[in-house]
Each structure stands twice: as C-alpha cells, then as structure tokens.
C-alpha cells in the first residue's frame with residue numbers, strides 16, 4: 001500500500017517533468033523552430049504519461065493520451081504536416097492532458113466537455129489520415145503475406161535484447177516490447193538459455209534470459225529504436241544489420257530466420273553461438289552509432305539527483321545555524337581584544353568565507369528555473385484567451401532564471417491571477433484593438449531576470465492601460481478613499497491592491513472570484529517581495545514583482561530602537577541620514593516632516609509605531625532611515641542608532657506566536673539573541689489610503705490614533 | 001479526560017510542579033520539552049502584557065509567556081533564579097516563565113479534582129484540575145487554552 005503510493009507519487013513527479021518536456025517541445029513547434037528530435041520528444045512525453053497512467057488504471061488519462069499520441073505519431077511519421085491550427089490544437093490537448101494529470105493526482109473533477117471537444121478535434125486529424133492510410137495500406141499488407149520475393153529486399157537486423165533487473169522493476173514487460181516489434185515487421189524470436197543458472201543458484205530477482213530477435217522491416221533499426229526507446233539504459237540492446245556490411249554471416253542467419261516458424265526449442269544450441277559471436281563482434285561499431293542517436297538528447301541534460309526537499313531544507317537550516325555560530329565566534333574573539341596581527345584573525349576570515357560559500361551552495365540547490373511556472377502560465381493564458389474570446393500571444397523571457405523552489409511554488413497563484421486579469425481586463429477586445437490601431441492579437445509577456453541580488457518578474461500586456469478615472473470612481477464609491485482626496489497617478493494605480501477592490505462590475509467567469517489584486521500583493525509580500533504598477537494609457541500595463549532570491553537570507557541594516565536591535569530590509573532602504581534641524585518641520589500636533597531634495601517626507605517614529613514608547617528622552621540628533629514602500633511612497637523611519645549592514649538568516653515568528661503587525665520575520669544575531677525584521681510597508685502605511693476595515697486587527701486602529 | 005494525551009504510566013500521570021507567585025502549578029510532563037535558565041528576551045511590539053518576548057531556541061523563535069501575568073498574579077521579575085519551561089502545545093512551541101521548578105509528581109487520575117467553577121473567571125479555563133500534594137494544592141494546567149486565553153487577555 002505504502003509502496004504503491006510511493007510509486008504513484010513518483011509517477012506524478014515524472015509526469016511533471018514530462019509535461020515540462022511536452023510544453024517545451026510544443027513551444028518549439030509553435031515558434032516553428034523545431035529541432036530534429038522535437039516531435040519525437042513530444043511523442044515520448046505523451047507516450048510515457050500514457051504508459052504510466054495505464055499502470056495505475058487512470059483510464060481517462062490513458063484514452064486521451066492515446067488519442068493525442070496517435071496524432072503525434074502521424075506527425076512524427078510525416079503523414080501529417082505541422083500547421084498553426086494543429087499546433088494550437090496540440091497545445092490545448094497538452095493543457096487538457098495536464099488537467100487530467102492534475103485531476104488524477106488530486107481527485108478533482110474532469111472538465112469532460114473540453115476533453116470531448118478536443119478528442120473530436122484530434123480525431124479530425126487522425127481520422128482523416130487514418131482512413132486514407134488504411135485504404136492505401138491494405139493491398140500492401142496483402143502483398144507481404146503472399147509474395148516471398150519481396151522479403152529479401154527488406155533489410156534484416158539481429159537484435160540481442162537482454163533485460164536488466166531494473167527493466168522488470170520499472171514494470172516493463174519484454175513480451176509487450178517484442179509484440180510491438182512483431183506488429184511492425186517480420187519477427188522471429190529465440191531465447192538464449194545459456195545464461196540460465198542451475199536451479200540451486202537460481203535467484204528469482206536476477207534476470208537471466210536473453211532474447212535473440214531477428215527482425216525484418218523497411219527500416220528495421222528505426223523501428224527497433226522506437227520500440228525499445230523506453231527501456232534504453234535498463235537493458236542490453238545490440239542491433240546488428242544482417243545484410244550489407246557483413247554479407248556471409250548475415251545472409252545465412254537471415255535465411256535461417258526466414259525459414260517459416262523455426263521451433264524455438266529445437267535450434268538454440270546451433271543458432272546461439274553464431275548469433276552471440278556476431279553480436280559481440282559487431283556490437284562495437286553499429287551500437288555506438290545507435291547510442292549516438294540516443295545520446296543526442298541526453299547530452300543537453302545534466303545528470304540530476306532527486307532528493308527529498310526535507311533533506312535539503314534541513315541542510316539549509318543547519319548551514320544557517322553555522323553562519324550564526326560563525327558570527328557568534330567572531331564576536332567572542334573580537335571581545336577578547338587580541339593583538340591585531342594574529343593568525344586567528346585570518347583563519348576567522350577564511351572560516352567566514354567558507355561558511356558563506358557553503359551557504360550559497362546549499363541555497364542554489366533549492367533554486368530552480370522558472371520554466372515550469374512559465375509554462376503553466378502559458379496554459380493559463382490560453383485558457384483565459386479561450387474563455388474571453390480574445391486572441392492572445394504569450395511571450396516569455398528568461399525562463400532559465402533560477403529562483404527558490406518555494407518562491408516558484410508560491411508565485412503560481414498570484415501570477416495566475418495577474419495573467420487572467422491581464423487577459424480579461426488588460427487587453428481590449430478585438431474591435432477595441434483594431435479601433436486603437438493595434439494588431440488584432442494581444443500580447444502578454446512574462447519575463448524573469450536577476451537584478452541586483454533580486455529576482456524581477458514582469459507581466460506586461462499591450463492593452464489599453466489602466467482606466468484611472470474609473471479606478472478612482474470605484475474606490476470612492478466603495479469608500480476606500482475619501483471623495484476629496486487628491487491622488488497622484490501612481491497612487492491611483494496602487495488602489496487596485498486594496499482589499500475589496502474589483503474594477504469589473506459584472507463578475508466574469510474568469511477573474512471575478514471575489515479575490516482581487518490585494519491577494520496578489522499579499523502573496524508577493526509574504527515572499528518578501530514588492531509589486532508595482534506602471535501603466536501608460538493606450539499602451540498597456542506593466543506589473544513588476546521584485547523578489548528576494550531566496551527566502552532564507554536577506555540583506556538588512558541593523559538598527560536599534562528602544563534598546564532592541566532590529567533589522568530593516570535593505571530592499572526597502574533608500575538611504576540613511578542625520579538631518580540638520582533646518583530640514584525637519586513639524587506639521588500638526590506631532591507629525592514631523594523631513595525635507596529632502598525638495599520633497600517633504602513623513603517621519604515615522606518606529607518606537608511609537610511599534611508600541612515600545614517607554615523612554616521619553618528626546619534624542620539630540622535624529623537618525624533616519626529613508627525607506628521606499630512598494631507603492632513608491634517614501635517615508636523616513638526614526639531610529640535610535642544605525643549599526644551595520646549585514647546578511648541575516650530569516651526565521652519565521654508566525655509559527656509559534658502569530659502575526660505581529662510591523663514585523664515580517666526575525667533573525668538571530670551574533671550574540672544568540674533575536675532581532676526582529678521590520679515590515680517597512682506596514683510601518684509606513686499612509687493612513688489616508690489605509691482602508692477602514694473592521695476586520696483589521698485592533699492594533700492597527702490603535703496605531704492609527706496613536 | 002486525560003487519556004487523549006497517551007500519557008498514563010502505570011495508571012499515573014506524570015507532572016512537573018512549579019511555583020508562580022507562591023502558588024503551585026503542575027503541567028503534564030509529556031508537554032514539556034526542556035527546562036532552561038532565564039535568558040533575556042527580545043520584546044515584541046504590540047504584545048499583550050503576559051507576552052514577555054521571544055527567545056532563540058537553537059535557531060527557532062519561541063515566544064515566552066509570563067504565567068504570573070496570565071493568572072493575574074502580577075509580574076514575575078525575571079532574574080537568573082527563574083526558569084523557562086519550554087512546552088509543546090499542539091505543534092507550537094512556547095516558553096513559560098515561572099519562579100522555580102519543584103519536582104516531578106506521579107498523580108493518579110482519580111485524585112485530580114475538577115476545578116471549582118467561578119463565574120466569568122477567565123483564568124480558570126487554563127486550570128484543568130486541582131491535586132493535593134502533601135499540604136499544598138497544585139493546579140494542573142491545560143496549555144491548550146493558552147492561545148485562546150491570549151485572545152481573552154487582549155479583549
């Protein structure tokens with residue numbers, strides 16, 4: 001039971017990889033830049049999914065994959081030629097296949113309507129072709145049976161097929177493989193019983209049988225390659241062409257094999273030695289040729305190792321501890337006030353370097369290319385395009401950008417939402433686009449790149465841009481902003497992220513699900529990232545997400561407030577400064593403003609904001625950290641002192657305690673104590689925009705009045 | 001009422017007894033992960049009075065609660081003599097600052113009396129029962145209510 005669950009899980013994991021390969025191949029086909037092996041790779045992916053699904057009796061999946069595979073087979077055999085409509089159908093079929101895999105994995109409900117429609121579409125390609133083929137083929141098959149003279153003109157190969165233990169273990173059946181071969185040409189089989197051990201040495205787990213196949217067909221090597229494609233590496237396969245290069249030997253065995261139905265048990269002793277000899281002798285050259293073909297696609301892929309995520313995480317944690325420990329030791333040594341030229345110091349520097357390197361290495365294990373995520377988004381785009389009747393081109397850049405696995409996983413939902421939004425609200429409909437002088441097909445582009453230690457993800461559409469008047473109207477009607485508030489364009493754009501905001505009055509099937517962009521923002525923030533909007537009327541909208549490379553470490557500025565050490569994430573910090581008295585102005589009762597380069601920026605007293613106000617002593621000179629929040633509004637945090645900038649290991653505080661307003665996480669300092677990492681966006685939240693939500697925690701309200 | 005914990009040993013329940021502001025309390029030993037000496041905490045913003053702050057327990061951030069404040073007995077003045085009991089409650093780990101830990105008791109479940117019910121008494125919800133220990137009365141704490149009690153205290 002447990003084991004079969006394991007195998008099932010392994011199957012679905014494999015499915016993910018296969019789907020990735022499938023979409024990758026289809027994308028190449030879509031761009032019409034197929035490589036020689038593309039169609040084969042696509043076919044293989046579908047075929048493998050079908051095979052695995054069959055083992056688990058996932059009938060829906062099998063039957064759909066089968067149909068899909070048939071079409072691909074036609075394409076592979078050049079009986080069907082690539083055209084855009086076909087590629088689109090295949091993309092949708094792949095989407096549906098992914099859907100079926102998901103349903104099988106998580107027990108969802110099958111979208112059978114779409115499935116049937118697609119089956120029909122696929123049928124159109126196969127049915128048309130198949131009928132023709134069959135008509136064309138019928139007489140030829142008759143010819144085969146009747147006339148022997150045809151046979152010698154066809155090349156024959158001897159195949160020596162020795163399954164390894166793994167082949168059986170993986171659930172392959174030699175009989176099925178041999179049957180498959182037999183269905184595509186003339187085949188005779190012998191079994192090499194020499195390797196059979198005596199009964200007392202017999203180990204049931206270790207396969208000993210070797211099959212000696214003689215196969216005649218138009219292009220026997222290719223057929224053999226195809227049939228044994230999936231057992232490559234888990235069996236010994238030697239393919240030797242019998243005619244042509246070494247005439248005598250091959251000819252004789254050919255003759256022998258062609259003699260009708262040689263009874264297997266009768267001849268082995270005689271036939272085997274020659275076969276084996278020949279096999280081993282010639283194996284060197286032709287098999288290298290055969291292997292080269294197989295290698296081609298293997299070379300590109302680096303060998304990988306599947307490791308449980310848990311193990312990696314434990315390692316990362318331990319390395320995180322090591323970093324902290326290293327910092328602690330360094331601090332202890334510092335306090336000893338040893339003479340400055342000691343070896344200890346340089347050794348410590350090495351230690352630090354090594355620890356850092358180790359950490360980076362471990363972190364990179366978790367990093368994965370965003371490709372799979374982007375492929376999923378391509379699917380979402382197609383679905384959204386279908387649902388809205390808009391024609392959409394989906395373009396991606398930087399799919400090989402590596403990001404932490406968790407980040408990728410947790411980005412899926414917000415990105416899905418953003419893409420749906422972009423298709424549904426961002427792009428105009430066909431008429432609108434034509435009227436605006438744009439091409440009929442809208443474009444959504446998704447890109448990822450590394451930018452100064454962060455990951456930048458952008459979703460760009462070439463639609464109409466944000467309708468700011470409408471946004472403002474809605475926000476006012478919903479009571480999210482006051483009627484007389486005078487907001488700048490970026491501020492209006494940021495209203496989209498307010499909870500309970502949805503621009504579409506009519507709830508569309510696609511994006512009106514009661515969740516708005518605020519969910520996106522929350523998800524991005526939960527990842528330690530920031531999101532911003534850049535919209536040009538008439539030219540489209542760009543959403544940019546900036547994310548930390550990993551969730552485990554970040555750079556921060558070490559400050560102290562009310563006797564506590566705290567960290568301000570460096571991503572938010574613009575600069576640190578000690579303002580002159582003439583640069584600080586008082587507004588109202590207790591609001592201070594900082595004048596910096598012609599701009600008035602509110603000063604936020606972190607101590608008060610966090611409710612730590614216990615000491616009254618006013619500092620002589622203000623120490624300010626100028627921060628910029630995701631909505632580009634600036635704010636100066638007033639702190640007691642600024643100490644250092646360093647990399648800190650992020651520890652969640654929520655697990656054992658619960659969310660703390662104004663604090664995003666914690667870290668452990670060199671002295672073993674905990675320092676809180678400030679959530680600058682929360683601290684600097686501009687009160688006029690903050691929505692009057694009753695559900696918000698009491699602290700918020702308290703702070704607002706403080 | 002206790003057998004859900006799977007902690008009966010030879011019919012007895014093992015508890016660690018400790019004092020908070022002169023009163024004796026005890027806690028199921030199965031919930032206790034370790035007992036540490038007091039170390040200074042990092043104060044949390046907007047925290048309730050009974051939340052002292054967070055400490056670093058081998059890389060984990062653990063909140064520490066002052067049981068005395070929780071029971072309305074004033075504050076425990078943290079000092080080197082005090083100890084922090086690290087307890088696991090429904091998957092979350094937290095620390096409890098107490099005055100001192102006394103001993104390990106084996107209690108027959110029959111000897112646990114239900115606590116007397118007082119009307120509208122918030123803190124008694126944390127008390128699962130009372131036990132006689134020699135001349136003393138020990139109050140058995142059910143930490144599962146600590147998180148709810150936190151909400152009560154905030155209100």
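A Cβ is built for glycine as well, from the same backbone N, Cα and C atoms used for every other residue.
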Which listed span TrEMBL calls region 'Disordered', if the choices are A:242-288, A:289-335, A:336-382: A:242-288
Spatial neighbours of residue A:47 (phosphohistidine) that are distant in sequence (at least 6 apart) but have CB under 8 A: A:65, A:69, A:230
Where residue A:47 (phosphohistidine) sits in the secondary structure, as DSSP reduces it to three classes: helix
Residues in the domain 'CheW-like' (A:553-689) grouped by DSSP into helix, strand and remaining coil: 11 helix, 71 strand, 55 coil
